[in-house]
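All remarks here apply to the structure that follows.
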């Protein structure tokens with residue numbers, strides 16, 4: 001007896017796995033219905049509205065035929081390696097649900113949802129006294145059903161068996177398709193993630209301490225003489241037709257005491273970021289940022 005109880009506890013499906021299977025089933029139904037409605041996208045609007053409960057019931061019946069009826073498991077359960085077992089069977093070995101249980105499962109799930117949607121449409125525009133009483137009785141029955149589902153869910157959270165009220169009434173519960181072995185937990189992925197997170201935090205702390213602008217200026221001053229393009233660039237920079245930092249026509253041209261010209265934004269932002277900013281072309285330190293004299297500026301413009 002102890003060995004049998006130990007085997008049952010080892011093969012017991014986790015609560016989260018059963019709930020995940022239900023969520024996967026709902027996601028599949030939404031996907032199937034959205035894809036089906038796309039087929040009627042070019043038809044007259046509201047074509048499926050009148051027969052929507054019946055169309056949905058046919059689709060869910062089609063899914064039931066090729067999942068629970070033939071494979072003893074829903075799509076969500078198949079993904080999680082779970083299937084239904086007949087709980088009324090006295091045999092300790094696996095016994096699939098009987099044909100009657102599968103048929104009643106379709107009646108309770110598919111037929112119940114169809115009846116709820118269709119009754120709502122029937123009683124929506126009826127104002128007779130007889131229909132009012134029937135509608136009130138239906139509301140009471142739906143309320144009792146939801147109360148039963150709530151109580152069943154609380155029992156499921158305590159015992160981990162029969163995730164839905166339909167499963168409890170029909171005597172079917174979820175079991176693993178194959179016996180589950182003890183899993184070996186590896187920490188390689190976790191260690192790698194911790195190392196990468198630590199390295200990223202180190203870079204976030206270190207990068208603000210590095211003067212990127214000065215490093216780029218030094219690198220450009222070293223690379224320009226090596227490329228052999230310094231003759232034309234220096235001629236443009238010295239003539240005042242090119243910003244020594246961005247390489248474009250200088251906007252609000254300013255100088256820093258050398259022959260090169262800078263955009264006001266380029267030189268001011270660089271100077272505010274680094275008080276020891278030097279010209280990337282000639283290496284002269286910035287003493288003061290002065291606007292380019294109008295006479296020189298106009299002569300350069302007229303020369304174009």
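Cβ atoms are placed via backbone N, Cα and C, with glycine included.
From a predicted model like this one, the values you see are computed outputs, not experimental measurements.
For reference, Swiss-Prot has these:
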{"type": "BINDING", "residues": "243, 246, 263, 266", "note": "Zn(2+) 1 binding site"}
{"type": "BINDING", "residues": "258, 260, 279, 282", "note": "Zn(2+) 2 binding site"}
{"type": "TOPO_DOM", "residues": "1-14", "note": "topological domain 'Peroxisomal matrix'"}
{"type": "TOPO_DOM", "residues": "42-47", "note": "topological domain 'Cytoplasmic'"}
{"type": "TOPO_DOM", "residues": "74-97", "note": "topological domain 'Peroxisomal matrix'"}
{"type": "TOPO_DOM", "residues": "125-132", "note": "topological domain 'Cytoplasmic'"}
{"type": "TOPO_DOM", "residues": "160-186", "note": "topological domain 'Peroxisomal matrix'"}
{"type": "TOPO_DOM", "residues": "211-304", "note": "topological domain 'Cytoplasmic'"}
{"type": "TRANSMEM", "residues": "15-41", "note": "transmembrane segment"}
{"type": "TRANSMEM", "residues": "48-73", "note": "transmembrane segment"}
{"type": "TRANSMEM", "residues": "98-124", "note": "transmembrane segment"}
{"type": "TRANSMEM", "residues": "133-159", "note": "transmembrane segment"}
{"type": "TRANSMEM", "residues": "187-210", "note": "transmembrane segment"}
{"type": "ZN_FING", "residues": "243-283", "note": "zinc finger"}
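Comparing the binding-site residues 246, 258, 282 by how many other C-beta atoms lie within 10 angstroms of each C-beta, the top residue is 258. Here the topological domain 'Peroxisomal matrix' (74-97) has a mean pLDDT of 88 out of 100. In this structure the C-alpha atoms belonging to residue 263 (Zn(2+) 1 binding site) and residue 279 (Zn(2+) 2 binding site) are separated by 13 Å. Cβ neighbour density within 10 Å is lowest for 263 among the binding-site residues 243, 263, 279. Ranked by CA distance from residue 258 (Zn(2+) 2 binding site), the binding-site residues 243, 246, 266 have 243 at the top as the closest. When the alpha carbons of residue 266 (Zn(2+) 1 binding site) and residue 282 (Zn(2+) 2 binding site) are compared, the span between them is 16 angstrom. Calculated from their C-alpha atoms, the gap between residue 260 (Zn(2+) 2 binding site) and residue 243 (Zn(2+) 1 binding site) amounts to 8 Å. For the binding-site residues given as 260, 266, the lowest number of other CB atoms within 10 Å of the residue's CB is seen at 266. According to its DSSP assignment, residue 246 (Zn(2+) 1 binding site) is coil. Each residue of the topological domain 'Peroxisomal matrix' (74-97) gets a DSSP state, and the totals for helix, strand and coil are 5 helix, 5 strand, 14 coil. A Cβ distance under 8 Å defines the sequence-distant neighbours of the topological domain 'Peroxisomal matrix' (74-97), meaning residues of its chain 6+ beyond its ends; these are 4, 13, 17-18, 20-25, 28, 63, 67-68, 105, 167, 170-178.
Each of 244, 245, 247, 248, 250, 251, 262, 265, 267 belongs to the same chain as 243, 246, 263, 266, is absent from that list, and has a C-beta within 8 angstroms of the C-beta centroid marking the Zn(2+) 1 site.
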